[in-house]
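A.B. asks: Copying in the features that TrEMBL gives for the protein in this structure:
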DOMAIN    23-140  domain 'Response regulatory'
DOMAIN    163-261  domain 'HTH araC/xylS-type'
MOD_RES   ASP72  4-aspartylphosphate
Amino acid sequence: MNQTYKSIWCERTGNYINSNSQHILIVSVCQSSLSALCDSLEAQGFHLSTAQNNVKGYECAATQCPNLIVLDFNMTESRNRFELFDILRSSLLTKYIPIIILCKSSDLQTRLHALQHGASDFIYGQYTIEEVVARMNIHLSYARQKVHQTLPLQKENREATINRIKLYLSEHLNDPPTLDQLASELGVHKKKLARVFQAHMHETIYEYLSRLRLDYSQVLLRETQLSITDIAEEIGFTSLSAFTSSFSKQYGMPPTAYRKTMS
């Protein structure tokens with residue numbers, strides 16, 4: 001089967017990687033300075049995305065929703081250091097993603113500003129790769145332990161969580177998570193997760209997932225030469241007949257007829 005639709009493209013390695021691995025975004029104006037850290041993380045099974053400026057950094061954070069973000073202050077001018085940090089902390093899409101800041105030389109005021117405004121950690125001085133990785137694992141573990149916390153009731157928090165659900169589902173169309181798995185991944189109690197999603201979207205999580213899968217199948221039918229059987233498998237259907245039945249019910253025609261109308 002074509003893996004393009006099952007994995008995430010990693011620009012750093014030039015390969016598709018398993019979308020289920022922990023996703024780390026590293027933002028640094030000098031990527032070569034962190035090459036040893038990147039190599040170590042990839043060797044341990046992490047999926048890495050990298051960005052060399054604030055625009056690309058925010059774009060990646062907002063669209064890919066990484067599990068953790070590393071901001072490298074070492075080669076950034078002092079007056080520009082908090083530009084991306086402040087944007088990430090104010091955006092609904094990124095404000096709850098843990099952020100670790102690296103800076104070999106910094107004053108107390110800089111460190112206090114970062115920690116008081118939502119940085120998960122500030123690593124400074126002559127730190128080692130082992131220390132950085134250890135601290136990253138601590139914050140990733142802490143984030144995943146929030147399963148039994150209730151979902152915040154503020155509107156902005158609900159919307160951010162809904163966006164994360166939608167993004168996660170879109171990345172796992174061919175292997176849909178159970179409600180327990182989804183709740184664990186997002187750190188929200190499953191009953192609260194299901195209730196808030198339905199109240200916000202006016203459909204259940206799995207009604208939304210079904211619609212999303214069928215919408216994506218239309219894209220594959222129009223824009224690829226994949227067989228109907230392969231498309232059914234790509235979006236998580238266990239049989240061609242089940243896919244054909246669901247597609248026909250949703251769009252009033254079978255997939256083969258839809259593809260012909262698009263040719």
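Backbone N, Cα and C define each Cβ position, glycine as well.
Unlike curated records, TrEMBL annotations are generated automatically.
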A.B. asks: Grab the pLDDT values for the domain 'Response regulatory' (23-140) and give me their mean, rounded.
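C.D. replies: Over the domain 'Response regulatory' (23-140), the predicted model scores a mean pLDDT of 86.
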A.B. asks: Have a look around the residue listed as '4-aspartylphosphate' and count the other CB atoms within 10 A of its CB, chains all included.
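C.D. replies: Counting Cβ neighbours of the residue listed as '4-aspartylphosphate' within 10 Å gives 21.
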A.B. asks: Give the residue counts of the domain 'Response regulatory' (23-140) per reduced DSSP state, in the order helix, strand, coil.
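C.D. replies: Helix, strand and coil residues of the domain 'Response regulatory' (23-140) number 58 helix, 24 strand, 36 coil.
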A.B. asks: What does the DSSP secondary structure composition of the domain 'HTH araC/xylS-type' (163-261) look like, as residue counts for helix, strand and coil?
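C.D. replies: Computed counts for the domain 'HTH araC/xylS-type' (163-261) are 74 helix, 0 strand, 25 coil.
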